[in-house]
Amino acid sequence: MKTGWKQELKENLRGAVVVPSITAGLVAGVLTVTFMFSYSAVIFTGELSAYVPRATGQLLFGGVVIALVIGLFSELRGVVALPQDNPTAIIAVMIATLSQLPGSALTPEMLFAQAVVIMVVSTALSGVIFYLVGRWRLAAFVQLIPYPVIAGFLAATGWLLFKGSFSVMADQTFDFIQLSALGEVMYLWLPGAVFALITLFVSLKYSNVFIMPGLILSAVALFHITLFLSGASSQEAIAEGWLLQPFGEGALWQPVPLSTFLAADWTLFVTEFTGLATILSIALISVLLNLTALESAFNRDIDVHREMRLAGIANLLAAPGGSLVGYHYVSLSTLGRRMRGDSRLVGVVVAVFCLLTMTVGAGALSVFPKFVLGGLVMFIGLGFLYDWVVKSWSNLGRGDVAIIFAILFVVEFIGFLEGVATGVAAAAVLFVVSYSKLNVVRLVMDGSDFSSNVDRPDDHRKALSSEGQKILYLKLHGFIFFASSIKLYEEVVGALTREAGPPEFVILDFQLVSGLDTSAVHGLVKIKKKALEVGTQLALAHVPAEIDQQLHEEEFLDGDAVIEPIFKDADSALEWCEDFLLRTAGVDPSPKALPIDDRLIEVFKAKAVVQKFRSYLETTEFSQGDVVSQPGIKQRLLHFIEQGTVSIYLDELDGEKHRIRSAGPGSMVGVASFFRQGNVGTLAVGIADSKGTAHVLTDVAFERMKSEDPELALTFQTYALNYVSDRLASNLRTLALVLRLEE
């Protein structure tokens, strides 16, 4: 039974997770406020910089709503969801473009209104899209993202967090070209780096829930004790870069008034369509990537469609307040987990912190040392790098590791989404290379190794045994595409050009083939041309409808090299080829009537004994389509076919009847079920292929035979045992060959 969020919160407040959860929430809250200020500063620059506090209030409103809704109802406990930075640069460019339009008379207030409307509309539309994607279950494609790409995505997230920590601690960006600049402010970031390394080491070695809060409080206390002993003031520490700049006093959030929407020029949305479409596309891709990444980071499966609906509702609620698009935040969501406090309290504390900041003010944040804040960001980043780079080195193949490093490289020097796209492309190439090494030919056998399921007379079997190498059977499997079709071509052409001479027939069994691409179809056309050159005929079996259509479109079935029509199964194709070889050898493959007395004389040797055995049999006639034997009949019956043929099918296997044997004159039908102990009845169904005659031995008659003439019954049982043994031996030879070929 699921526990409601109210009950969960009560249990969390009384449990061991309360301290680490609240600590993680407070740390995430401080980071959230700084993030929201930075997002606002990116969008509103220059003459619009005066609107940064107001815009920050809007983003904090979004933080309250999104963090609370997703934090309380997500399947991932401890998840933090916030307005994201993806739209900021795009909106900034859109506003800058509007201000530079020819003849533009937009005032700063109008530009601010335009930006707010873009934020509201993009967030609302994203909410609708998120919800519909979850409602219509369209997010399944995210499950197709290869694991190395997810690992690379998380590793890249860790790398960006590692780099970003220097901006938090020293107001310097991490740039390989300008590393010397970081060296000049080493005194600002080195304590944070040491703090991050110690925190990472301790978190990996110990799992006590109080360790992380203790480390953070100890670092903050140690800094302020050192500051007090040095005699420096807080203002001096702020000026030196040790503490956060004051964010200002008083409330930051102001409701978005109707006048803002009226001040916006809605006709300009035509020129802003591309930017809006970009925001929506990036938001959709990013939320799906984040959810997949969180599944891996939290090591659990989640209902992605439910999370999408939840994110949609959260954005629709946050949009009227002027928020940016928001969803699950990967880095901050893992903070509570790393601090052993992954509970719903984390999201609630973040929401409360944002609420207090936007309504009361953020002046108190200035007491928080920047190296501790940045050190925690670096700790999260290093944790990601350790989990998804260091561990992957020993757990994944070198090709997968190369994909992770390729993503890191592209993310560093080009961009984040470009890095993910590169990873997907590299994984696709790696898959093609790996899959092309798999042979699409699962089995290769010739007619001397196995035969069709047709009961044939001894002379027919001998003729086929000597001619069997003229039939080549290939069982194909998997998806055949441009790379794997090359091996198929080489396999078939190798058989067509062998020194012993080409086979007369090549049977291609498509039962296990899931599909063909265009190149594979052209590969089959090349095989057909080669077969035509050497006089070999191709027989196709078990061809799915989609592949059949592809072959018809390429006119593959036209001409002399392909037998038409396509056979429903490999056994039918093999029977057709055997019949052709028998006719070529001057043997009529059509079943001839075999009087039962002629068959029984081989068993009992004396006519008198044959006549006595015949007295226990009942003669029956059947027509084409008649059911000779079927499951569900409790009476056991043994049929001796004298004239006509009966096909034995596994009844309704996979919704279809599959022929496992064709019994003609001289054959017995139902031997195994007749002698099996227990009242289980027939296992397969026998259907007459033509008009014929059979002689039936019932279980009642056989019991009477055993009572009246035990020697006669024993002789017949011995014959029946030999009959079944011969068939079993033939099946075992084929099975042994198949197992040997599949090793």
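Placement of Cβ uses the backbone N, Cα and C atoms for every residue, glycine included.
Feature annotation from TrEMBL assigns transmembrane segment to 12-39 (among others).
Here TrEMBL flags 59-76 (among others) as transmembrane segment. With a threshold of 8 Å between CB atoms, the same-chain residues lying at least 6 positions outside the transmembrane segment (59-76) that come near it are 5, 32-33, 36, 39-40, 82-83, 123, 252-253, 294, 298, 300, 302-303, 306-307, 310-311, 313-315, 317-318, 321-324, 326-328, 333, 344, 346-348, 350-351, 354-355, 357-358.
If you look up TrEMBL, you'll see 88-105 (among others) marked as transmembrane segment.
The annotation transmembrane segment is assigned in TrEMBL to 111-132 (among others). Panel annotation: around the transmembrane segment (111-132), residues 43-44, 48, 51, 54-55, 58, 62, 87, 91, 94-95, 98-99, 138, 256, 260-261, 263-266, 268-269, 272, 275-276, 279-280, 283-284, 287, 308-309, 311-320, 322-327 of the same chain, lying at least six beyond its termini, place a Cβ under 8 Å from a Cβ of the stretch.
The transmembrane segment feature in TrEMBL is assigned to 144-162 (among others). Residues 174, 289, 292-293, 296-297, 330-331, 377-378, 380-385, 387-389, 392, 396, 400-401, 403-404, 406-408, 411-412, 416, 419-420, 423-424, 427, 431 of the same chain, all 6+ positions outside the transmembrane segment (144-162), place their C-beta atoms under 8 angstroms from a C-beta of that stretch.
Outside the transmembrane segment (182-202) by six or more residues, the chain places 165-166, 169-172, 174, 211-212, 215, 219, 241-242, 370-372, 374-376, 378-379, 382-383, 386 with a CB less than 8 A from a CB of the stretch. Per TrEMBL, the feature transmembrane segment maps to 182-202 (among others).
The transmembrane segment annotation in TrEMBL covers 209-229 (among others).
What TrEMBL records for 266-289 (among others) is transmembrane segment.
Look at TrEMBL and you will find 310-330 (among others) tagged as transmembrane segment.
Marked as transmembrane segment by TrEMBL: 345-364 (among others). Remote same-chain residues near the transmembrane segment (345-364) are listed as 9, 12-13, 17-18, 21-22, 24-26, 28-30, 32-33, 36, 56-57, 60-61, 63-65, 67-68, 70-72, 74, 78-82, 246-253, 332, 335-336 (criterion: CB distance under 8 Å, separation of at least six residues from the stretch ends).
Counting same-chain residues at least six beyond the ends of the transmembrane segment (371-389), those with a Cβ under 8 angstroms from any Cβ of the stretch are 27, 30-31, 34, 151-152, 154-155, 157-170, 188-189, 191-197, 199-200, 203-204, 216, 219-220, 223, 242, 244, 297, 331-332, 334-335, 338, 404-405, 408. Annotated transmembrane segment per TrEMBL: 371-389 (among others), in sequence order.
Here the transmembrane segment (401-433) has long-range neighbours at 145-146, 148-149, 151-153, 155-156, 159-160, 282, 285-286, 289, 388-389, 392-393, 481, 483, meaning same-chain residues at least 6 beyond its ends whose C-beta is under 8 angstroms from one of its own. Annotation source TrEMBL lists transmembrane segment at 401-433 (among others).
According to TrEMBL, the feature domain 'STAS' maps to 471-577. Per-residue pLDDT, averaged along the domain 'STAS' (471-577), amounts to 90 for this model.
Taken from TrEMBL, the feature domain 'Cyclic nucleotide-binding' applies to 617-705.
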For the transmembrane segment (310-330), distant same-chain residues with Cβ under 8 A (at least six beyond the ends): 39, 55, 58-59, 61-63, 65-66, 69-70, 73-74, 76, 79-84, 86-88, 116, 119-124, 126-134, 154, 157, 253, 255-256, 279, 283, 286-287, 290-291, 293-294, 297
Beyond the flanks of the transmembrane segment (266-289) by at least 6 residues, Cβ under 8 Å: 84, 86-87, 90-91, 93-94, 97-98, 101, 114, 117-118, 121-122, 125-126, 129-130, 133, 139, 142, 145, 153, 304, 308, 311, 325, 327-328, 417, 420
Helix, strand and coil counts within the domain 'STAS' (471-577) (DSSP): 47 helix, 29 strand, 31 coil
Helix, strand and coil totals (DSSP H, G, I; E, B; other) for the domain 'Cyclic nucleotide-binding' (617-705): 12 helix, 44 strand, 33 coil
